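S.K.: Before anything else, here's the structure in question.
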């Protein structure tokens with residue numbers, strides 16, 4: 001009887017050790033490796049300069065835009081990337097290629113993904129900014145400033161969802177994206193980026209996108225934590241994905257653009 005009890009105790013101890021090891025392994029698997037996503041807004045473009053609506057429409061980088069992208073490239077030259085993505089719009093692609101030309105990027109292929117495009121502003125595309133934005137500002141008892149000096153005050157009154165819905169409702173042709181459409185593509189795109197990065201063992205990922213899209217990504221992944229954030233051209237916004245959660249490490253950073 002004593003031998004049987006000892007044998008049973010030994011078996012239970014072994015099972016406890018094995019179960020504990022399996023639980024620990026499962027816990028580690030659930031957390032996954034850390035992924036840092038460098039969200040870079042494209043350099044300044046022609047439409048950015050002439051105050052024209054630019055969503056899915058596309059214009060080239062200006063001389064200032066190229067200079068800004070080159071500054072971003074220098075700032076990121078020592079950052080090793082395991083993957084690089086950009087919107088499939090030309091201004092994002094051009095910015096990404098400038099960045100990838102700096103540093104040790106051998107074997108890194110730029111992956112273009114239409115899900116990271118800017119908002120689609122429908123029939124407002126290419127029209128003066130004031131034509132699309134003035135009715136929205138007026139609705140909030142404000143005057144639209146083409147220099148965007150009161151943008152933060154405006155976004156205190158209207159969030160992404162309300163802005164997208166108003167633009168869609170005001171679009172004479174009804175072509176502008178709705179917020180659910182924007183949300184669906186950005187969520188799916190970000191999830192794919194994280195999944196692939198974790199499958200590769202984690203690390204740094206470059207993602208070149210657009211001002212509105214980056215703000216929407218922050219609103220979707222960090223609700224209430226990144227309100228009224230400014231995303232200038234060629235700025236870096238750094239997200240960390242760890243243990244199933246996103247953290248905002250920096251937003252709209254242009255510190256590397258200071259004169260050297």
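In case you wondered, yes, glycine gets a Cβ from its N, Cα and C as well.
For reference, TrEMBL lists these features for the protein:
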- 1-25: signal peptide (SIGNAL)
- 41, 42, 43, 44, 45, 46, 47, 48, 91, 118, 119, 120, 121: substrate binding site (BINDING)
- 42: active site, tele-phosphohistidine intermediate (ACT_SITE)
- 118: active site, proton donor/acceptor (ACT_SITE)
- 210: site 'Transition state stabilizer' (SITE)
S.K.: Taking only the residues the record lists as binding substrate, namely 41, 42, 43, 44, 45, 46, 47, 48, 91, 118, 119, 120, 121, what is the largest Cα to Cα distance between any two of them, in Å to the nearest whole number?
M.R.: 20
S.K.: Under a three-state reduction of DSSP output, how is residue 91 (substrate binding site) classified: helix, strand, or coil?
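M.R.: For residue 91 (substrate binding site) - judged by DSSP and reduced to three states - the answer is helix.
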S.K.: Cβ atoms within 10 Å, counted per site: which of 47, 119, 121 has the most, among these binding-site residues?
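M.R.: Of the binding-site residues 47, 119, 121, the highest Cβ count within 10 Å belongs to 119.
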S.K.: Measure from the CA atom of residue 118 (active site, proton donor/acceptor) to the CA atom of residue 41 (substrate binding site) and give the result in Å, rounded to a whole number.
M.R.: 10
